[in-house]
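**Student:** Here you go, one structure.
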Amino acid sequence: MAYRLRISSSGTAVSQAAMHFSLQILLLEGAPTSLVCPSEILKKPRLTPQVALVLFAQAALPIDPLQIELIRILGTGYVAASAGAERRELHKSVYRRLNMGVVTFATAALAAEVLHIDLLEITASIGMATLLGITIAVPAYYYAITSGHGLGLWSILKGAVRDMDMLGRVKNGKAVAYALLTPAFYGAGLACMLTPEESLTNVFLYARGEDCITLWRMFGASMLMLPTWTISLKEAADRMHLDKPPYITLNMGLVLTGLINVAILSPWWTEFSAGPIMPLMLGTWAAAAVVGAWGELTPTSADPITRP
C-alpha cells in the first residue's frame, strides 16, 4: 500500500508528524503475528503470518485474526495524531489522550509479551520488544513536551480523575453513549489482561492453552486504547465539535473497529462455541459501531438533555 505524507511548513511539525506517521504504518501493517505454537502443537516453530493463521490458529482461531485486524483498525488513532502533529496541535487534550492511550496499549502489550516470553522465538521477542518500545517512547515524548507537566505520575492521575468526573456530566444523548462505552472498554480490556483464563473461556468455550492466553492478553491491551477515544469524543459531543477533523477520524475508527469485531465474532456465537459473555461482547462492539456512526453522520445535532 502506498502512503503519502503531506509536508508542513514547520520543521517541528514535520518531525512530529513523521514520527506519528511511522508509528501509524507500524500498527496498520505490522501487527504482532510472530507468536509461535508450543512445540507439542507444531514441531517447526518459525511461522509466517499466513502460516500462523492456518496452524497456530488451530488453538485460537477466533482470537488470532481478531487481534490482527483490530490492531490494524486501531491504527486510525495515528491518522488523527499525525494530522494533529502537522497542525501543531498536539498540546490539545484530544491528542494528549491519544498519545497516552497508545502508551497504555504498548505498555500492556509489552507486559503480555514478558509474561509469555517462552512462546516467542528470540528474534520475535526482540522484534516485538523493539516495536513496542518505540510505540511507548514516541507518544510519551510528545505527551511530555506538550502536557505542561512532563510525565509526572501525579499530574497524569489528576488528569485521569478530571476525565472521569467529566464523564459524569453530560449534555446530550451522544455524550451519554460515549460515556457508557468508556467503562465498558476499560472493563473488557482489564478483564482480558488480569483474568485472561476466566474471561477467555467465558467468551470461547473451547479456547485453552498458553498460546490462547497470550493472544487474549494482546487483544485486551488493544482495547485499553479505546477509552482515550471515547473520552475525547464525549467531550466533543458536549461541545458539539464532532464535525472537527480528529473526531471525524476517531468516529470512523470506532465504526470500523466495532464492525470488524462483530463480523469476526458472530460466526462463533453458537451453542457449542460461545460462552455466556459472548452476547455481551458482541453487543458492546455493535454499540460501538452504532454510536460511532451516529456521531459521524449527525455531528452537530443538539439532542439536548440539559442546557448550560
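Keep in mind that glycine also has a Cβ here, set from the backbone N, Cα and C atoms.
Just lifted these from TrEMBL, have a look:
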{"type": "TRANSMEM", "residues": "98-117", "note": "transmembrane segment"}
{"type": "TRANSMEM", "residues": "129-154", "note": "transmembrane segment"}
{"type": "TRANSMEM", "residues": "175-196", "note": "transmembrane segment"}
{"type": "TRANSMEM", "residues": "216-233", "note": "transmembrane segment"}
{"type": "TRANSMEM", "residues": "245-265", "note": "transmembrane segment"}
{"type": "TRANSMEM", "residues": "277-297", "note": "transmembrane segment"}
**Student:** Please figure out which one of 98-117, 175-196, 216-233, 245-265, 277-297 racks up the most CB pairs under 8 Å against the transmembrane segment (129-154).
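**Tutor:** Per the Cβ count, the answer is 98-117.
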**Student:** Could you give the residue numbers and ranges of same-chain residues that sit at least 6 residues beyond the transmembrane segment (216-233) on either side and whose C-beta is under 8 angstroms from one of its C-beta atoms?
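**Tutor:** Same-chain residues near the transmembrane segment (216-233) but 6 or more away: 32, 60, 63, 66-67, 70-71, 74, 77, 93-94, 97-98, 100-102, 104-106, 108-109, 111-112, 115-116, 163, 166-167, 178-179, 181-183, 185-186, 188-193, 196, 199-200, 207, 242, 246-247, 250-251, 253-254, 257, 288, 295.
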**Student:** Going along the chain, which residues at least six beyond the ends of the transmembrane segment (175-196) come within the CB cut-off of under 8 Å?
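**Tutor:** Apart from its flanks, the transmembrane segment (175-196) reaches 108, 111-112, 167-168, 213, 216-217, 219-224, 226-227, 230-231, 233-234, 237-238, 281, 284, 287-288, 291, 294-295, 305.
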